[in-house]
Structure formats: C-alpha cells, structure tokens
Amino acid sequence: MTNKLDGKALAKKIKAELQQKVQSLQIKIGRPPGLAVLMVGDNPASGVYVRNKEKACTQVGITSLGKHFPTQTSQAQLGQVIQKLNQDPQVDGILVQLPLPKHLDSTSLLYQIDPSKDVDGLHPMNLGQLLRGEKGLRSCTPAGVMRLLQEYKIELQGKHAVILGRSILVGKPMALMLLEANSTVTIAHSRSKNLEAITKKADILITAVGRPKMISAEMVKPGAVVIDVGINRVIDEAGNSQLVGDVQFNSVAQVAEYITPVPGGIGPMTVAMLLQNTVERWSTLVE
C-alpha cells in the first residue's frame, strides 16, 4: 500500500512549534518577528499566495509587513523600498513575490536584499553557503522537501535521487541538499534524452517542471519515493478549474511506496519553511 506524504499535516505541526517559540522568546526580544512580502501588480495567483503567507504569519505570531505596489512601479522605487526594509530593525525577513511585471529585473532586486533577511534563501550569499555546506538560510521549497522526507524517516544516504527541473528555485538547490545527505543525484531537464530510462532508475523521484500529469506509472520504479513539486492549474472535462501536479497521482500511487499529493504536499511545506526561516533569523536577536 502506498503511503501518502502529508505535507499539510506536517506544516501544521511546524507552525504550532514556531508559535510556541515566538511566544517564549517575544518577551526577551521585545517584539514579534516581522516579515515583509513585496507584491507588484495584480497577478491573481500571486495574490492567493501572498494572502496564504499572510494568514500563516498570523497563525504563528509573525507580524506581516507586506506591501502591494501598482504594476507600473519602477525598478528604482522597489530598490528604495528594499533598502529601507534592510535597515528597518522591525523586519527580519524580506521576500519579493514572483513573477514580477516584465519591466522589472527580479534578479537585480534579489541581489539588493540583505542576505541575512533573505528568508526565501535565493540570494547568492545563501546559495553559496549551501554549496559550501555551511549554515545559512535555505531555499524554502527544497528545504520543505527535505523536512518532509526526514519526518517520514526516508533513507537518503546512498540512494539514487532523480530531479526533474534545474531551476534556481527548486532543482539546483534540491540537488545540493540531497548531495549533502549523501544521495547520488541526477538532474534531468527539457533537453534530457530518454527521460523514462532516467526516471525508472530513481529511488527518489522529485518533479518540478510545471507540466500537468507528465509522469506516468510506467516512468516510475516500483517502490520509489515520488515527490511532486509541480503546481498546475487545469480545466477538467466539466469545465472546472483544479490544481494538479506533474505526476499522474492515482496510477503512480499504485507503483510508488511514498507519494506527495497536489495540493497538500509540498505547497504547505514551502510556506512552513518560509515561516521557519523568519523565526530562526529573529531568534538570533536573543544571542
């Protein structure tokens, strides 16, 4: 019988632990943690993600210092806001919600964030510390994957992990974290040939490509662990909108030993890791 990796339940547990930590340290520090999420424009999906993050902040006791800017906001204006937040002692974490309008350079803005407040873990300083195996703020989605695997006591050492996708958000930091855990890592991508032959060798298969239901049961090794990072909105036969992953869940669940659902798998874990990074950064003020 396939075991479901319940990211939603684990995220709830993590948030409860973070809430207790905030309550216990708030008197010593003199204020709650503060997270500033910057959103530009009116992308509906981004709006949903930002509201989810703000709701999660409230549950844990983090002050949400979010700012919403009109679409025409300039690069210089956003840069000035980031510099002010870098200097603001009430702000522990800064996050720029992606995607941004086309006239804005997200990489340039990311570089302007103080690395110690980069709770998304995407600043070159934090990615460099990951590469070197040093402590630092970790990218939220791959960190959430690792935490979920740890919770279910899934052995990583010596296992062959295949990652589909090479983005700086998921694929590349995911590979580094798995290497840190002594896995043997293969990264496949849009130019990889004979994909099924690659995925069939995976003890742990992690998909982050954004292609609805591309992974079939025939592509999965019996007994594998399947982590579906993909979040795709599709229209079903009845004309209703629904969220699906990169994996054909029902058929792959017949083959895999463990599998994450979409929704309810990695999505909640990503938010939980964002909150954890924010609280951890804030808690250093005690020391």
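Note that Cβ sites are derived from N, Cα and C of the backbone, with glycine treated the same way.
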Record-annotated NADP(+) site (Swiss-Prot): member among S183, S190, S251 besides G165, R166, S167, I231: S190
Cβ neighbours of R166 (NADP(+) binding site) where a neighbour is any other Cβ within 10 Å: 18
Residue among the binding-site residues S167, S190 whose Cβ has the most other Cβ atoms within 10 Å: S167
Distant-in-sequence Cβ neighbours of G165 (NADP(+) binding site), under 8 Å, six or more positions away: G171, I187, H189, T207, A208, V209, G210, V229
